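As annotated by TrEMBL, transmembrane segment applies to 6-26, 33-54, 74-97, 118-143, 404-431, 488-508, 553-575. Look at TrEMBL and you will find 495-623 tagged as domain 'Fatty acid hydroxylase'.
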Amino acid sequence: MAVFSRLVPVAASAYALQTIFALIFVPQQNEKYYDLGGAIGWVSTTFLSLYYPALKARFWNRSLVSFPTLASFASRQLLITAAVGLWAVRLGGFLAMRAIKSGGDSRFDEIKKQPKKFTYYWMAQATWITLVGLPVYLCNITASHIHPPLGVRDYLGLALYAGSFLLEVAADYQKSAWKKAKERKEHDEEFISSGLWSISRHPKCVSYAVFEHILIVVPQCDSYVGEVGIWTGIWVLSSSSLQSSAYPRGTAVLAAISPLFIYLLLRKASGVPPLERAADKKFAHNPKYQQYKKKGKHTWPSEFSSLPPSSSSSSIMDLVLSIADEYLLDDFYARLIPLSAFTSSLNTTAKFLPLAESSSAWSKLISHLPHPQLSSQYLLSAYESSSSLPNISAWPRDYIPRQIASLSVLTLIGIHVLYFLFAGLSYKFIFNHEMMRHPRFLKNQVRLEIETSLRAFPVMILLTLPWFEAEVRGYSKLYDGLDTYGYFYLFASVPLYLVFTDYGIYWIHRWLHLPFFYKHLHKPHHRWLIPTPFGSHAFHPVDGYMQSVPYHLFIFIFPLHRVLYLTLFVLVNFWSIFIHDSDMITGHAFEKVINGPAHHTLHHLYFTVNYGQYFTWADRWGGSYRQPESSLDPLLEVKALDAKKN
């Protein structure tokens, strides 16, 4: 229980700070700084939980101790603190600026006139900060040495946090852009239904909770899905530490109150129900809203949207999925998740079709899975095409969970095929096997490189799935027809793609060499001082994912022909393997322009040079270029050892 006693100063600071704000703003009937007060509360309590021992020693015990450096904290403590700080500053700043700009917050129009009630809201905000922040505070209040090293679970938590955070930012941006366009008279829409808002009616939900007659106002979130995702990710990141012997048994379960409280607050008592009621009242006679309401979902995770892909979608992954569905996956899903298991919950159309509900144990088991509300058109067309509903899946092709599951398997197979095909060919026909006698070539290195790559692939796939899913849903700028942008742009897009991705990877790669990130992310790749082609993908999974981001980001910014994208994607993967051949052939005509194997070999040997992927210009501009020379060839060390032995 000594662990929990350390939470007292943190909780006390949350209530003390909100009390100070209440004493200032309640008499003024000023609600403009309510959300800013919440952001300040989050930042102060989070940093207090991290620095409390040092603050207590210096200001309470009057000991002249120095404040701990960042290096003295565990990686998990720094990451979880940074995650909360980033979220709080971004969200609190956005809401505060909006309230100040608009001259107030309409939620408080009546409340701020009642001092007692207005004071309660400030105390409610302190309660929200204390309860939801439990995983963070519990993780921070213990010594750094008790925290286990970061593992796969932590990276999955970080990925969930990052994806949810980006969802919130995107929803805010889209809503702001929509409002500005309306102010400029560019449209006269009564409600936003584009972008993320085409998928969910509440990718931007006002997060306030009604408990009987009590309203707890918490900052506005872009999506209760995003908000729950953020705090679930933070809880997952903390859970490995909270399950250690330094904490009482069940601490990790107790900390799960954080995402659970947020979910219940937003889904059951707050954002969604009152917003739904208000919208239903306001747009009761608006046929466009009624159509939008039927199309857009708000219930997650009990339901998922099953939206048709964009008509402009012409992505590579869409093509791959279509082929896989046609020849393999339609039949697979029909057997795995048959429509017959869900007949009791389908719409009335199914009752007119010759289908008996399946009573097998498997059907009863999967009948609890989520599934979309299938339209009459889908059921009838599927029946006409197959003549037998048992051969139809309850998960149609455009159902998001099915797409995610299919993409996971297909991309996992694809990355293995590319890796073993290109790395195997390069290892056999290009790599100089004499390099394996180099003194810094590790024992069983090839096996270790392959094992590291295979362990990284599943996590890299999970991190990359949002890009592929967005591509399939039609959000990328991939196009199909050659005449869409003309032949000039078709050819110009090749160097544009190469320069964009090269420059992006240069800075990501250089950032990964900063001490903290090198130690925790990039160092495993530099274990291979003399790499083989199999070491090309032997990354920490987060490292490998980060260096792939420019490839995916490009097609969401610039148009690119999908066949050209597929070609370039395969070629850059081959290039990544090719530059790990430890080849130091120098003196060729493009040596000062192209970042080839010789340049990358020097990078592995000397670490701080030649960060570029294809070209040398970024390294020259950034002062990190090193010219390959025959005198630096590591093969000379092998020959020197041979000469010494002889």
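Here the Cβ of each residue, glycine as well, is placed from N, Cα and C on the backbone.
All TrEMBL annotations are machine predictions without curation.
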Whether the transmembrane segment (33-54) meets the transmembrane segment (118-143): three or more C-beta pairs under 8 angstroms: yes
Same-chain residue ranges lying at least 6 outside the transmembrane segment (404-431) that approach it to Cβ under 8 Å: 317, 320-321, 324-325, 329, 446, 453-454, 457-458, 460-462, 464-465, 468-469, 472, 532-534, 536-537, 570, 573-574, 577-578, 581-583
Number of helical, extended and coil residues in the domain 'Fatty acid hydroxylase' (495-623), per DSSP: 80 helix, 4 strand, 45 coil
Residue numbers, six or more beyond the limits of the transmembrane segment (6-26), whose CB comes under 8 Å of its CB atoms: 33-34, 37, 40-41, 44-45, 48-49, 52, 56, 112, 115, 118-119, 122-123, 125-126, 129-130, 133-134, 137-138, 141
Outside the transmembrane segment (74-97), six or more residues from its ends: residues with CB under 8 Å to it: 32-33, 35-36, 38-40, 42-43, 46-47, 50, 133, 135-136, 139-140, 144-145, 147, 149-150, 154, 158, 161, 165, 168-169, 172, 219-221, 230, 233-234, 237-238, 240-241, 516, 520
Model confidence over the domain 'Fatty acid hydroxylase' (495-623) (mean pLDDT, whole number): 91
